[in-house]
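Residues or ranges marked as domain 'G-protein coupled receptors family 1 profile' by TrEMBL: 41-290. TrEMBL lists 26-49, 61-82, 102-120, 132-158, 197-221, 242-260, 272-292 with the feature transmembrane segment.
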Amino acid sequence: MDRINQSSVTGFLLLGLSERPEQQPLLFGIFLGMYLVTVMGNLLIILAIGFDPHLHTPMYFFLANLSFADGCFSSTIVPRMLVNIRTHNQTISYGECLAQMYFFMMFGGLDDFLLGVMAYDRYVAICKPLHYSTLMSPLVCVLMLTASWVLTNLAALLHTLLMARLSFCAGNTIHHFFCDVIPLLQLSCSDTCTNQVALFTVGSIVLTGPLSLITLSYAYIISTILRVPSASGRQKSFSTCGSHLTVVFLFYGAAIGVYLCRSPSQSRGQYTIAAVFYTVVTPMLNPFIYSLRNKDMKTALRRLFGIHTFSSQGL
């Protein structure tokens, strides 16, 4: 197969979720609905936290940022996929493909770090309550958020620059519904050893680093909670962590299945299903998990809708 320089690559062909024309309208309707729910759900979480002074705490500060990252994460992929389905044009330019890969990896990594920081916040709140105001001061929260943004941007930029140096073969069909690293590497005619090492190394750090922090934090949290004498006290402490743990299991389970446990025997369908769950389903479910299992969030959402109703009546 003839090799062509990456500068002469004008675009790629995204095969999407299905190559059957009769399935395209159904897929468009399903993913449009899921995307609208994702955007509206995460936007409501951000507005509820912003308008309710009772939620101006470190935990909800990070939750608002997680909702923002989830909305952007899904927006990096789904709108382009919907346009391709609607227009029956599955092409994406070389520059757009690299840009999509960059933002996908950046917001996905930001989700990882935010989940780790939120676990640390719960650890401090439950295990070191007397030092909470110091260890989780506004300055510390901003520094942790800034560090998360910087590290994820650097990781995404590294992968994008390494991808940009590669040459691609004449076949430019991507067997996926967005520009991810692994499908792109499979099209390259260049030596991808450096990319593979960087993908595994940086991916392991971005995924397992925050996951290790989460595991260690909850080990201390569970140990502390089990020493609480009253059953009601233990239940209250566990309830504050339940939503976060549910999101952690959903997000990391799918992400590890996509990137760290991928094997040659894994079919395209299995990989696509795991990727859909990781990129579309989890960001959609997060607002429901945090709102339905959290009394403070449910109260804030009722107040938010109450403000809107009052305003509309006043008009």
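Placed from the backbone N, Cα and C atoms, the Cβ positions cover glycine too.
Where the annotation comes from TrEMBL, it is an automatic prediction and has not been curated.
Keep in mind it's a predicted model, so treat the numbers as computed, not measured.
Listed as Cβ neighbours of the transmembrane segment (272-292) (distance under 8 Å, sequence separation of 6 or more from its ends, same chain) are residues 17, 31, 34-35, 37-38, 41-42, 44-45, 63, 66-67, 70-71, 73-74, 77-78, 104, 108, 176-178, 180, 243, 246-247, 250-251, 254-255, 257-258, 298, 301.
Same-chain residues lying 6+ beyond the ends of the transmembrane segment (197-221) with a Cβ under 8 Å from its Cβ atoms: 109, 112-113, 115-117, 119-120, 122-123, 126-127, 151-152, 155, 158-159, 162, 181-182, 185, 237, 241, 245, 248, 252, 255-256, 259-260. Here the domain 'G-protein coupled receptors family 1 profile' (41-290) has a mean pLDDT of 86 out of 100.
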